[in-house]
Amino acid sequence: MIGNSSKDNFGQQQKLSRGLKNRHIQLMAIGGAIGTGLFLGSGKSIHFAGPSILFAYLITGVFCFFIMRSLGELLLSNAGYHSFVDFVRDYLGNMAAFITGWTYWFCWISLAMADLTAVGIYTQYWLPDVPQWLPGLLALIILLIMNLATVKLFGELEFWFALIKVIAILALIVTGILLIAKGFSAASGPASLNNLWSHGGMFPNGWHGFILSFQMVVFAFVGIELVGLTAGETENPQKVIPKAINQIPVRILLFYVGALFVIMCIYPWNVLNPNESPFVQVFSAVGIVVAASLINFVVLTSAASAANSALFSTSRMVYSLAKDHHAPGLLKKLTSSNVPSNALFFSSIAILIGVSLNYLMPEQVFTLITSVSTICFIFIWGITVICHLKYRKTRQHEAKANKFKMPFYPLSNYLTLAFLAFILVILALANDTRIALFVTPVWFVLLIILYKVQTRRGHKVK
């Protein structure tokens, strides 16, 4: 059994539990790529790009697949790799590992802040008198308790969360196909394939609108790399991880492109309200009375799922950082069930602070945090691709023996890095995201200072 190890106060060797099974990983690979970016953000993306949003999802999906293939090849090249920190330290050094580890932690902490705030907003749909902070707080407590139990319970939670999302999207696609086949007619006109090009063409807002849509499209894919982080806790990583990664293209075509294709065939893109979920609008058009409540429930569980994934991934990252002396040793303590309890409490406190900030100034903080988070994820993805390039160049013997290889290397690596740089340029074009490009460097400067201070103290101790 492979796992990160540490010693408890009694000097006994402990390891992270491998409690995740194949079905957990396969559905987590889907669930990690389905969230508020698709359920809510797709309305804004369609508003910018029109039907060409389908191409934006396809293009982004290709590069996300390349990122996942490079991540998978790295993780499977060395049984000692269990997270980003492990291979970044190996190829880029301790400082890069320190920055990467804490940045990935911050990525998911910021997402959890937004998701738990969203849980409160969605709950108010049914219970408008309930304070917005209360459902988020209760959700955090419940998720913390469940994550403290066992790794297997986390897997079960994500399995059912992801299953709800999958069923909702499949129901939309099947319903949409039936409506198109029967020529269903709404107030905006009949459901037809012609809706894709009869309202200004595939690129109704030109290349400018198409390019601006990538901001929200990339955000919709944030978290797709979580399947890689779980590599250290799968029962058979050599078999499970490649299968999960290789199925990503099919899932992107079905759950992203397929769902939006059906939506825009039923409703012309220019009729959809960008401030509402297109999923809710389509189900409402069908005449299902409880459609809004059904989708609201799905979106709520989606937010809870993202928060659950955040709590899991950040605790494992903090545990790994503590094991490598990049965080206080107290954070690497494991329970009798081999769960990093102190790391879970640490991440929960950080998320709780974010819930309070989102309550005090929800609109400003949400936009800023999600934009900064997106930039940080781009950093993580870029570092992964760079590490893969160095692995191929410096470990050629290991690379030849690795059966799970990055396709079209090294062209795919360089194209992916160029795409990520392109997304940063897009973020600079939009007024509501430009500020994130100025704020994010502060985070990296802070980490560099902390690393230097920690290293200096370490030398003094020695």
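Any Cβ shown, glycine's included, is placed from N, Cα and C.
Because the structure is a prediction, the values reported are computed rather than measured.
According to Swiss-Prot, the feature transmembrane segment maps to 27-47, 48-68, 96-116, 134-154, 160-180, 209-229, 252-272, 279-299, 343-363, 366-386, 410-430, 435-455, an assignment based on sequence analysis.
Beyond the ends of the transmembrane segment (160-180), by six or more residues, the same chain brings 27-28, 30-31, 34, 191-193, 254-255, 258-259, 262-263, 265-266, 279, 282-283, 286, 294-295, 298, 301-302, 304-305, 308 to within a C-beta distance below 8 angstroms of the stretch. Stretch with the largest number of CB pairs closer than 8 A to the transmembrane segment (209-229), among 96-116, 366-386, 435-455: 366-386. Under 8 Å from some Cβ of the transmembrane segment (366-386) lie the Cβ atoms of residues 66-67, 70-71, 74, 84, 88, 92, 96, 100, 103-104, 106-107, 110-111, 113-114, 117, 215, 218-219, 222, 225, 354, 358, 413, 416-417, 420, 423-424, 427, 432-433, 435-437, 439-440, 443, all in the same chain and six or more residues away from its ends. Among residues of the same chain six or more beyond the transmembrane segment (410-430), those with a C-beta under 8 A of the stretch's C-beta atoms are 59, 63, 66-67, 69-70, 211-212, 214-215, 218, 371, 374-375, 378, 381-382, 385-386, 388-389, 392, 436-437.
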